[in-house]
Amino acid sequence: PLPSAPLQDIRNTVGNIPMEWYQDFPHIGYNLEGKRIYKPIRNKDELDMFLEKMENPDYWRTVQDKMTGADIKLTDEQVDLVHRLQKGQFGDVHFNPYEPAVDFFTHEVMIHPVTNRPADKRSFIPSLIEKEKVSKLVHAIKMGWIKPRKPKDDTPTYYDLWAHEDPNSILGRHKMHVPAPKMKLPGHEESYNPPPEYLLSEEEKLAWEQQEPAERKLNFVPQQYRCLRAVPAYSRFIHERFERCLDLYLCPRQRKMRVNVDPEDLIPKLPKPRDLQPFPTTQALVYRGHTSLVRCLSISPSGQWLVSGSDDCTVRFWEVCTARCMKTLPVGGVVKSVAWNPNPTICLVAICVEQSVLLVNPCLGDKLLYGATDQLLESYVAPEEERVQPVQWVMATMEEHSKGVRLVIQHSKAVKQVTWHGKGDYFASVVSDNSNMQVLIHQTSKRWSQNPFRKSKGLVQCVLFHPIRPYFFVATQRYVRVYNLLKQELTKKLMTNCKWVSSMAIHPGGDNIICGSYDSKLAWFDLDLSTRPYQLLRHHKKALRSVAFHKHYPLFASGSDDGTVIVCHGMVYNDLLQNPLLVPVKVLKGHVLTLDLGVLDVLFHPTQPWVFSSGADGTVRLYT
């Protein structure tokens, strides 16, 4: 019981009613005189309540009296009483529930009854009143006034959700049912007495313990017991059951709708290689003579002479159809690149050696032709005022002149590539440098060089002139930038999707280019279509070193470190709506791998469907 109310708090006389009725009134009831008992003022918000809860040490034993609305602090006895009642004990401390039992009835049976009154007659005659009641009930049942109790409906409250679904619908439950996956049946290793070869040795046990649980072949260690009685309870039983339950309820089981597709339809219809002839198929000639790897090749516009540069510090001129070395030019350094002037009226070869580009007249073929070339070079008149140039043009000495060298263009750093413009007057060189001086364009007739770029856009790998239009292609490690030389601006930036571009070639039509890369991919770009590759060909196993297009036939080739040249048919249609057709037609083998290098350069003959390849084995090979 709560403590008696203080004196001024006369007992509330409202009686036993729900006190919620007074919730919206300022008073809480009436005292003996009939005066209102007002509620104590409560203006504490949540924050005050929280602060009081934190600061008031007696907060836990304070309760609100519903009758008066006042806060009452419970005494120790009252708190004890509450604790006892919560534990299910008796309220009174002094009550002992375990008193010894008092035997009210004696266990001795008396001989005589307590009373000897005779039994009533009604105790053994059927009751007439009951008989009357029963007959009335029987009559009411016969007349149908009283109906027998309805049997209790014990159907469950849950029901089958899919019971009334259209059975023919594709999502019918029975059609989608997939039986649960079966567990693997135990093998010999799970026996209580497995054959000795199934038991693990000490080393195997150690290895088993060090493995990740996911990597173990068995998820337990096979053990041996002498009899079934000696086998203990399986410690992982509950764990494995739980895993199985997880497997069953997390396993997505659904029938996949199969579409019957003929696998042949998925492969693009490519024409047979024999319908795409002519293309080179067999090795015809081997040009032997170099003693080290042959880095670069170039061919005269007539297709009669071939020039090759090698790491043995020589340049050799060959007759194409006989494989005879016509001339050997020692240049005193590793030859990184050679380029024959594409103009058929000029006989001139540009050769990259260390820090200079040599312009050489090989003096082969028509005497009128190479004589006219010398006259053209000698007709140069130096301008009155000296112009500042990024390179130095130096006339060849008498000794060099006798070997065929006519001009030396000296650069500041090592030169790694040289390429001619289609008209044969301009050529570009690439220098191994990180600055904006990587690419230089030179004009032979005026002996004038310029640096077209103000700032460097990355490490330049190679450059190309467009065969028809005034465009200039610059390949860095990942991108190919196309510049307009007339407007002097960047036209396009092609994303090669390769890690490191090694080489580049342009289709004679000028709308498609191919890029080879050191991550063994060949990217074909359609310049009108997109800045991303139209197709990425991954035919080679190792890095691509060189790619080339044929001038007249729809052929392109790639040479790689795996020692092969892959020739592909690349048909470009005049109809702009039709995409180019790329079909690999032949893998040409022959070069021997040397120092992990295979084919270093590939080149097509200008008129015939022949391909030349130079390799690290010091040979040049012709495939026809």
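Along the chain as shown, residues are numbered 1 onward.
Cβ atoms here come from the backbone N, Cα and C positions, even for glycine.
Sequence annotations record features per position, and here TrEMBL assigns domain 'BOP1 N-terminal' to 22-280. Annotated repeat 'WD' per TrEMBL: 287-328, 537-567, in sequence order.
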Chain residues outside the repeat 'WD' (537-567) and at least six past its termini with a C-beta under 8 angstroms from it: 278-280, 502-508, 514-524, 582, 584-589, 591-593, 596-604, 606-607, 609, 611, 613, 615, 623
Local confidence of the prediction over the domain 'BOP1 N-terminal' (22-280), expressed as mean pLDDT: 83
DSSP-assigned states of the repeat 'WD' (537-567) in counts, ordered helix, strand, coil: 0 helix, 16 strand, 15 coil
Secondary structure tally of the repeat 'WD' (287-328) (DSSP, helix then strand then coil): 0 helix, 24 strand, 18 coil
